[in-house]
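Just below is one structure, and these are the notes that go with it.
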Amino acid sequence: MSTEKDYVVADIGLADFGRKEITIAETEMPGLMSCRAEFGDAKPLKGARITGSLHMTIQTAVLIETLVALGAEVRWASCNIFSTQDHAAAAIAAAGVPVFAIKGESLEDYWVYTDKIFQWADGGLSNMILDDGGDATMYILLGARAEAGEDVLSHPHSEEEEILFAQIKKRLAASPGWFTKQRDAIKGVTEETTTGVNRLYQLSQKGLLPFPAINVNDSVTKSKFDNKYGCKESLVDGIRRGTDVMMAGKVAVVCGYGDVGKGSAASLSGAGARVKVTEADPICALQAAMDGYEVVLLEDVVSSADIFITTTGNKDVIRIDHMREMKDMAIVGNIGHFDNEIEVAALRNLKWTNVKPQVDLIEFPKGNRIILLSEGRLLNLGNATGHPSFVMSASFTNQTLAQIELFTKPGQYENKVYILPKHLDEKVARLHLDKLGVKLTQLSEEQAAYIGVSPKGPFKSDHYRY
């Protein structure tokens, strides 16, 4: 472990390897490279101090270096204890960007690193947050509430909350008033994923959001591409790398049929699995049925299926009573943001056998075993390397544009949650067409007038559902 300088990575000697993979990824990320070309000279993020909490992968390295090329100072940590690619972290650290991320880091270290990404060498404060899941944002807001005298740290509901609250208390003792100062310095946050967006909307509805936020997740070029097509490729990759199990002919259950569930079902179906879906939402359930999937109750298939994947963003989707009834060597994994979709805490008193990193065999009293991937955390990042570079280019181009928007136009946004305007969503899509050899049909003036749009777009209303 390297800790001499302003970074913490597993092995700084991996930097050259990471740099080679970053170079390859850049050729697959036309949106980010176009941002560098368009905005590099103007440096619209000059003066921005961005705290980033997002999976420290090769693709994220390209995002980080894009933000730096646009003038920002950046400090970075991963938003998941298993998702870091150590060679990517090393390459970014070697390039001079403070990064604090190790694949397989402890929860204690995770929250220490989250604190470190707010601790600038000159004692200054962050003025922007780029978040994935909302942990960096919540860290500051919880600490500020504690400083205001609210009793928010007394009753943790999980092991992770115990560790988070302990870290907040350490910072409160070391730097009284710091959380409030840091909160007040933030110009805005851009949020990557469904779970973090839900947190922001809850804060906004209660009048507790202290700065503007852009919901990057619900940009069409994020949710309909990263969430769907990204999962379509990376889910099966993670299961294969973790288990070497052949999926053709197996029965797989996908819990949830939102965008992530749709991509996951397609991923497993494409690998030859016989896919069944569970859903609480009647609209999503109808979509699943009309896409050809049997929509079932988990209780009715728990003893017969081979693979179980959670995609919901909710908690306790697969519970201990479900896992007790699973067949021997059933595979259980999650591709939603947090680890509480599967009731992993209830498994801790059983016999665990670690097979290899992020693959555990858990034995129940009656003798049946399950294969748990990434301890219930994101298996596509824990057991594999996440989504491909091309689809992440679309997501991260949205992040870059959102950071520019909030940082350069602070007076135009209230303390609410916003979505990037349609013309920027279409711009992100355009930036990725040439790479695929796509040719767009040009509307005539008459055609455009007939449907009430400009020949140059936007081509759809804000309420259009893609």
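Positions of Cβ are set from backbone N, Cα and C atoms, glycine also.
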Thr57, Glu192, Lys222, Asp226 bind substrate per Swiss-Prot; candidate in Asp115, Asp122, Asp132 listed for that same site: Asp132
Neighbour tally for Thr195 (NAD(+) binding site), based on other Cβ positions within 10 Å of its Cβ: 18
Nearest-integer angstrom distance between the alpha carbons (Cα) of Asp132 (substrate binding site) and Ile335 (NAD(+) binding site): 14
Coarse DSSP state, helix versus strand versus coil, of Val260 (NAD(+) binding site): helix
Binding-site residues listed as Lys222, His337, least Cβ neighbours within 10 Å: His337
Cβ packing number for Thr57 (substrate binding site), 10 Å threshold: 24
Chain-internal residues, separated by at least six, CB under 8 A from Glu192 (substrate binding site): Leu54, Leu130, Asp131, Asp132, Gly133, Val216, Asn217, Lys222, Ser395, Gln399
